[in-house]
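Colleague: The region 'Disordered' annotation in Swiss-Prot covers 1-122, 562-600. Sequence annotations record features per position, and here Swiss-Prot assigns compositional bias 'Acidic residues' to 74-83, 96-115. Annotation source Swiss-Prot lists repeat 'WD 1' at 194-233. For 237-278, the entry in Swiss-Prot reads repeat 'WD 2'. For 284-324, the entry in Swiss-Prot reads repeat 'WD 3'. Residues or ranges marked as repeat 'WD 4' in Swiss-Prot: 332-372. Positions annotated as repeat 'WD 7' by Swiss-Prot: 479-518.
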Amino acid sequence: MSHQEGSTGGLPDLVTESLFSSPEEQSGVAAVTAASSDIEMAATEPSTGDGGDTRDGGFLNDASTENQNTDSESSSEDVELESMGEGLFGYPLVGEETEREEEEEEMEEEGEEEEQPRMCPRCGGTNHDQCLLDEDQALEEWISSETSALPRSRWQVLTALRQRQLGSSARFVYEACGARTFVQRFRLQYLLGSHAGSVSTIHFNQRGTRLASSGDDLRVIVWDWVRQKPVLNFESGHDINVIQAKFFPNCGDSTLAMCGHDGQVRVAELINASYCENTKRVAKHRGPAHELALEPDSPYKFLTSGEDAVVFTIDLRQDRPASKVVVTRENDKKVGLYTISMNPANIYQFAVGGHDQFVRIYDQRRIDKKENNGVLKKFTPHHLVYCDFPTNITCVVYSHDGTELLASYNDEDIYLFNSSLSDGAQYVKRYKGHRNNDTIKCVNFYGPRSEFVVSGSDCGHVFFWEKSSSQIIQFMEGDRGDIVNCLEPHPYLPVLATSGLDQHVRIWTPTAKTATELTGLKDVIKKNKQERDEDNLNYTDSFDNRMLRFFVRHLLQRAHQPGWRDHGAEFPDEEELDESSSTSDTSEEEGQDRVQCIPS
């Protein structure tokens, strides 16, 4: 047969023609090594030649010498050796040998992978155990720095008492309330309990003689907290839980402002704080209304904020009490609000916080929607400007003189800002150790000169920090196994009222014989930080969704408890939610918004 390229006959008869007819063929196993260089070439590229010179293999058997002169017109591309099977000629074919080698290599690689240390999900390194040790050590150092010993307090009890006896200290009570010595002696004095659900708001009147509380049961209770007795208990008129209830100043305790999860802003008219004449609606937000900000000396005016991003100013002397001040926006997008606080030194300025990381300060005289959405200045910790997960502010509050502003961040820390600094200024102090994740928690100043910072926590404790040093100086179990949300300092005595998810109001006084031992503080701080870091590492859900699920679960639990009354609470429908206005003009609708109080 002559040499010609491209001879492509049919599949050869494997019985009569030799697959290995080649000039280089050698008899015996010795030929295997000589032809090994041609094996892979035949398996991948078909080669043609005369006399069936198919350099597609060098494997020989005993019959190979008998077929050396056989004319074969088949080419290597006509035969696929991998389809032949291993037993046909007594030797494994190329494809199968390669597969076995690959399987052996894979098994070796798997063994090596099992021997390799597992990657640390936090740092990305290979030594996970060492990473955990380093993390624990760093955590211990951080906790020690937050609870380190403080220098001796400058205010001394015996010296102050002696000076008072001699008449040289006219401000003993004022100074005592701001003394670290008294704060470190706080202990639970007693419980006030008449509610049938969690208590979401507490507020002292201007003189400090009465305490108002309300919550899930939709009732407002006015307490003579010293005698531990309720003096007034009435229906609020809200459809869903009351979030805040506050006494107006300079009104003889005759007016109480309220807001709730149904978006309503209502006012209760009291008679000598012992009888409620009626409650009426004065404004309506399109979402929950979380907080009120009373004008310090006015018995008529206050501000409200809601999750509809609207701030209302309410003036009870007007026929239509509510007027819209501003709609909070960021890049033309509304920002729902959780909190509002009025500057006590400048009643035209107020601060708000909510669904993003910015504390916004407005001046009611200078709100220009075309310029920075009307914002006077904004503050936020610089590391939260471009954080990887959404951040929310649950509470903002001004200091006693309006020069400082506290902001508590959801699942973050508490930050102190200088309100007089320019727009975008960094925080001044940072307060750590608590946990603010499940509910909308309050933060507050404590002391006549705002010497301390106090906050509740998901762990059920009350934390006190010294404002100047950021050190934790007091740590109290405020709600066993539950959450502390509200903290209300007495206007002039060293007394603190707190409430949370249980049915009681707690009264704290500095009556402990010695300073409270911070027993278990390090373990609680460590647990709070680890849980927060774990949640941030596995962050998949928004704060609003978590809050909604939490409140629904909480209300369902309360509904099955003994003593829970059916108040006929209903969620507002879409048509009602579209209303964001003050009380209706018509007398008929006015009558519907007015609820006659029925004391219990």
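Positions of Cβ are set from backbone N, Cα and C atoms, glycine also.
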Colleague: Can you count helix, strand and coil residues in the repeat 'WD 7' (479-518) using DSSP?
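Modeller: Taking the repeat 'WD 7' (479-518) as a whole: 0 helix, 16 strand, 24 coil.
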Colleague: Would you say the repeat 'WD 7' (479-518) and the repeat 'WD 1' (194-233) are in contact under the rule of three or more C-beta pairs closer than 8 Å, pairs 6 or more apart in sequence?
Modeller: yes
Colleague: Under 8 angstroms, Cβ to Cβ: which one of 237-278, 284-324, 479-518 has the largest number of such pairs with the repeat 'WD 4' (332-372)?
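Modeller: Answer, by Cβ pair count: 284-324.
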Colleague: What is the average pLDDT across the repeat 'WD 7' (479-518)?
Modeller: 90
Colleague: Could you break down the residues of the repeat 'WD 4' (332-372) into DSSP helix, strand and coil, giving a count for each?
Modeller: 1 helix, 19 strand, 21 coil
Colleague: Do you know the DSSP helix, strand and coil residue counts for the repeat 'WD 3' (284-324)?
Modeller: 0 helix, 22 strand, 19 coil
Colleague: Summarise the repeat 'WD 1' (194-233) as counts of helix, strand and coil residues per DSSP.
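Modeller: The repeat 'WD 1' (194-233) comes out at 0 helix, 22 strand, 18 coil.
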Colleague: Taking DSSP states H, G and I as helix and E and B as strand, how many residues of the repeat 'WD 2' (237-278) are helix, strand and coil?
Modeller: 0 helix, 24 strand, 18 coil
